[in-house]
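Here is the structure we will look at, set down as structure tokens.
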Amino acid sequence: MPGRTLPTFTIDEVESHNSAKSCYVTVGKNVYDVTDFLDSHPGGADLVLDWAGKDIGAILKDEASHTHSEAAYEVLDESLVGFLESGNGASANGKAKGGENGTEEQWVHPRTGMSCEEDLSKDTDYNADYKTHKFLDLNKPLFMQIWNGGFSKEFYLDQVHRPRHYKGGESAPLFGNFLEPLSKTPWWLIPLVWWPVISYGVYVAFQGFGSVAPVAGYFGFGLSLWTLIEYILHRFLFHLDYYLPDNRVGITAHFLLHGIHHYLPMDRYRLVMPPTLFVVLAAPFWKFAHTVLFYNWYAATAAFCGGVFGYTLYDMTHYFLHHQTLPAYYRALKKYHLAHHFLDYENGFGVTSAFWDKIFGTELVYNPKTN
């Protein structure tokens, strides 16, 4: 089982490996080290060295030159050492500036394997994906594969941020048993569960104040504060990648909390937060609200309700950004958020707004016309 992240190479770096001491070849974006295979090649090492540092996709398919068996492709699979960082002058956003004969050529981003937001909805070939990456087999329940996979943190983080898409947009099996329904949450459950709770909390706060104005003020304060909490949770909890413990407990917890969403970003039933998980995450903020606003229990309750209402808007917005046709402002926000999935998962942590990304220097910069 792989225990490291496969690196990326520039074309110049690949072309420099052109000798019997170090022989690299490419097929598309994949880079292979075939040095150990040179002496075993049926046609002799020289035939391979003629293509050292070059793309061999065409010669592999050229039956007039040499017929390659399935074993040849298996040798390549075992020799994969990385991926091309750019091709024919590829730009940083993952698009090639030019292909052969001056034609425009689409490239893929080396870190995510995607070129645009539409790629997020293209069905993954389960068998080919598992054979190439040796990560998770989408034909089988995912939980025990993560738990027993023996993945290093580095390899896991590389793979979980390469989006896949389960057939037809359905949900991939997580547990494969009676727990499966508990792992799925429809978006409408969020307002159905939490808006009555919020309404009751606001009613209680009103009983304490006796007027609307202070309740509305503290509710608005909590709602505004949520936007910062949203950013902090997404950046420092859901994406605590650098600080993630390098063991099965840490990796499995990360996968269940947020990793599965990056692995299968268009899974509509594993996009919003299950109410039971939100209760666990919200409990400290109840204490926080009553610590900050210690002088008035009703004020703290109103602020907490405003924060929870902000959370419900966040979760529903998150769902709609992935699965709904939206007005002009939200279309721009949708492109911004989906770029977080297919282009750069280390920036763009704001979901309902890019405001805090701009403040803290994590704004995701991309060209919406080419993405």
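Our numbering is plain: 1 for the first residue shown, then up by one each step along the chain.
In case you wondered, yes, glycine gets a Cβ from its N, Cα and C as well.
Some features that TrEMBL has for this protein:
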BINDING   His41, His68  heme binding site
BINDING   His234, His239, His258, His261, His262, His318, His322, His337, His340, His341  Zn(2+) binding site
DOMAIN    6-85  domain 'Cytochrome b5 heme-binding'
TRANSMEM  187-206  transmembrane segment
TRANSMEM  212-233  transmembrane segment
TRANSMEM  295-314  transmembrane segment
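Everything TrEMBL records as a feature, shown here on the structure.
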{"residue": "His41", "record": "heme binding site", "Cβ contacts under 8 Å, 6 or more apart": "Leu47, Val48"}
{"residue": "His234", "record": "Zn(2+) binding site", "Cβ contacts under 8 Å, 6 or more apart": "Phe349, Gly350, Val351"}
{"residue": "His258", "record": "Zn(2+) binding site", "Cβ contacts under 8 Å, 6 or more apart": "Phe238, His239"}
{"residue": "His262", "record": "Zn(2+) binding site", "Cβ contacts under 8 Å, 6 or more apart": "Val160, His161, Pro163, His341, Tyr345"}
{"residue": "His322", "record": "Zn(2+) binding site", "Cβ contacts under 8 Å, 6 or more apart": "Pro265, Met266, Arg268, Leu271, Lys334, His337, Leu338"}
{"residue": "His340", "record": "Zn(2+) binding site", "Cβ contacts under 8 Å, 6 or more apart": "Asn347, Gly348, Phe349, Leu364"}
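Distant neighbours of the transmembrane segment (212-233): 202, 205-206, 281, 285, 289, 293, 298-300, 302-311, 314, 349-353, 355-357, 360; these residues of the same chain sit at least 6 beyond its ends, with a Cβ under 8 Å from one of its Cβ atoms. Per-residue pLDDT, averaged over the domain 'Cytochrome b5 heme-binding' (6-85), rounds to 80.
Counting residues of the domain 'Cytochrome b5 heme-binding' (6-85) by DSSP class, helix then strand then coil, yields 31 helix, 18 strand, 31 coil.
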